[in-house]
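A.B. asks: Supplied in structure tokens, the structure appears directly below.
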């Protein structure tokens, strides 16, 4: 079960919360859900260079509270808060163009302290490098090393498509550390992304295991222990497994 279901949806109500938190009458629910989709699409497009990790939406009467988690919050805020004002005006215009009534929009920006431990940012980085035609094995090796330095307990990366321009599409994946998908208390961050290459579409999936959390408790911010300098050792190269034969 844990191998097939979405890792985030599997843990909703246990250790993870919904990305949109509000209640509405059945008649208004579709319109508000559409608004959430418009807000996320607009912010994702406008903040593509800010390292956007997550968008949380809350509603209170005629007010919308947005919490934006970004690796580069300065890009979102702008000089003197000009970026936030532009976002509010742009969101108001976008929502009104689709028939939504005017609402008060409040934006709170939170900095992502460990960008290399966020599955969304890792998947986006892999896709960007694939579009620049860099060898996928080199990309995956560098991403795994960065994630391990960020203090994650496990990471799994899966790439599918015409890898390195091959004639036949295939799926390859690699894993370092633990990824306990069946354990509900395991804090697993999952993300997928698409790379538009000259050879076609390549799909990227990333699982990041950040530790275990007891139900009802907040996830503590993990601190990366300071490591003493040591002699350089021979690093084991990640191994890849080809799933194309199994899936066929």
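In case you wondered, yes, glycine gets a Cβ from its N, Cα and C as well.
For reference, Swiss-Prot lists these features for the protein:
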COMPBIAS  238-248  compositional bias 'Basic and acidic residues'
DOMAIN    39-113  domain 'KH type-2'
REGION    218-248  region 'Disordered'
A.B. asks: Write out how many residues of the domain 'KH type-2' (39-113) are helix, how many strand and how many coil, based on DSSP.
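C.D. replies: Output for the domain 'KH type-2' (39-113) reads 32 helix, 25 strand, 18 coil.
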A.B. asks: Which whole-number mean pLDDT does the model give the domain 'KH type-2' (39-113)?
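C.D. replies: Over the domain 'KH type-2' (39-113), the predicted model scores a mean pLDDT of 93.
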